[in-house]
């Protein structure tokens, strides 16, 4: 057996849950809308379950969703990834230069007459992904260690740069271009809290799970027994989160369909555009399939939890800015799932004979057609 064969990603045989992921997501979206429209008081009940501006039911779903991917990371390999200056440089430019600039351009192009929605959309573009990217990377057989490192770096930059970038894109750049400006004060602690809760807790759980599991039972047991047992919880947590998000926003989606459409168009262009810009940049810079998948999904996704929290804290829960933040994940989730399948399909074409391509057990044809 060649080394390239040995290093290929070899996920377990596709489970019943994984085989029909698009169907489960569509059903979860529909069920969430149904709950939001049919169960009176549900939105208020869920909205009341908050601590420090964080929705506990949604936080629970995100933590359950993120734990399995972080438990799969081989943390003894992350030091080597962190020293890859080429990978770090490409990711930082895509996340903190290209991403916010593209969202700024799309927001002004599609919402020139809607300053509140436009501001909310720009805030979404500033909130770089630190959560769901772990799921998208895992589904596309990306480099888990690289994704974990990129997410950690995004978290640090989130705390350090969010306020400054908000000031630049809402006040400085519009002023330079002769456009109307927006004044907004972002809470530093809301940003720190979002990072600590939505990344810190599952990251610590993943690290300690691997350390304790390998120490007591060994790596073979941990990776062949324990990880397959907890893997379904990532999808379960994702579906649970989708149901909650759509149930909370059911009224807005139905009562303001035109606003949703106007937000959806630039969001779809943004997610798809960032993904393919990042994929092309990764390919041209010589990265393999797995690292290209990690970089592409890290750059394409956004931290909707932070965008929602900042918009609500700054402009109010019923503001148009907050609506833009809450519509974000409703568009992002189905689009990013579609891009996972696009990555699996394009992988063999863009990266022929790449040793990090998913193995034949996880070939695109099996995933899509089985």
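From the backbone N, Cα and C atoms, a Cβ is placed for every residue, glycine too.
Per Swiss-Prot, the features are:
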TOPO_DOM  1-15  topological domain 'Cytoplasmic'
TOPO_DOM  37-44  topological domain 'Extracellular'
TOPO_DOM  66-91  topological domain 'Cytoplasmic'
TOPO_DOM  113-118  topological domain 'Extracellular'
TOPO_DOM  140-147  topological domain 'Cytoplasmic'
TOPO_DOM  169-187  topological domain 'Extracellular'
TOPO_DOM  209-225  topological domain 'Cytoplasmic'
TOPO_DOM  247-259  topological domain 'Extracellular'
TOPO_DOM  281-303  topological domain 'Cytoplasmic'
TOPO_DOM  348-370  topological domain 'Cytoplasmic'
TRANSMEM  16-36  transmembrane segment
TRANSMEM  45-65  transmembrane segment
TRANSMEM  92-112  transmembrane segment
TRANSMEM  119-139  transmembrane segment
TRANSMEM  148-168  transmembrane segment
TRANSMEM  188-208  transmembrane segment
TRANSMEM  226-246  transmembrane segment
TRANSMEM  260-280  transmembrane segment
TRANSMEM  304-324  transmembrane segment
TRANSMEM  327-347  transmembrane segment
The transmembrane segment (327-347) in contact with the transmembrane segment (16-36), cutoff 8 A, at least 3 CB pairs, sep 6+: yes
Chain residues in Cβ proximity to the topological domain 'Extracellular' (247-259) (below 8 Å; excluding those fewer than six residues from its ends, i.e. six or more beyond): 32-37, 39, 42-43, 46-47, 114, 117, 320, 323, 326-327, 330
Cβ pairs under 8 Å between the transmembrane segment (148-168) and the transmembrane segment (226-246), at least three: no
Residues of the parent chain within Cβ reach of the topological domain 'Cytoplasmic' (209-225), under 8 Å, 6 or more residues beyond its termini: 67, 71-75
Chain residues outside the transmembrane segment (188-208) and at least six past its termini with a C-beta under 8 angstroms from it: 52-54, 59, 62-63, 66-67, 69-73, 75, 130-131, 148, 151-152, 155, 158-159, 162-163, 303, 305-306, 309-310, 313
Cβ-Cβ under 8 Å with the topological domain 'Extracellular' (37-44): same-chain residues at least 6 beyond its ends: 247-248, 250-251, 254
Remote residues contacting the transmembrane segment (119-139) - C-beta distance under 8 A, at least 6 residues beyond either end: 21, 62, 65-66, 68-70, 72, 95-96, 99-100, 102-104, 106-107, 111, 147-148, 150-151, 154-155, 157-158, 162, 165-166, 169-170, 182, 184, 195, 198-199, 234, 238, 263, 266-267, 270, 293-294, 297-298, 300-307, 310-311, 315, 319-325, 328, 332-333, 336-337, 339-340
DSSP-derived helix, strand and coil totals, residue by residue, for the topological domain 'Cytoplasmic' (281-303): 16 helix, 1 strand, 6 coil
Segment confidence, the topological domain 'Cytoplasmic' (66-91), expressed as mean pLDDT: 85
Same-chain residue ranges lying at least 6 outside the topological domain 'Cytoplasmic' (66-91) that approach it to Cβ under 8 Å: 131-132, 134-135, 137-138, 143-150, 153, 198-199, 202-203, 205-207, 209-210, 223, 226-227, 230-231, 233-234, 237, 281-282, 285-287, 291, 295, 298-299
Tertiary contacts of the topological domain 'Cytoplasmic' (281-303), as residues 6+ beyond its ends and Cβ separation under 8 Å: 9, 86-87, 90-91, 94-95, 98-99, 124-125, 127-133, 136-137, 140-143, 146-147, 150-151, 154, 158, 194, 198, 271-272, 274-275, 328, 332, 336, 339-340, 343, 347, 350-351, 354-357
Residue distribution over DSSP helix, strand and coil in the topological domain 'Cytoplasmic' (66-91): 22 helix, 0 strand, 4 coil
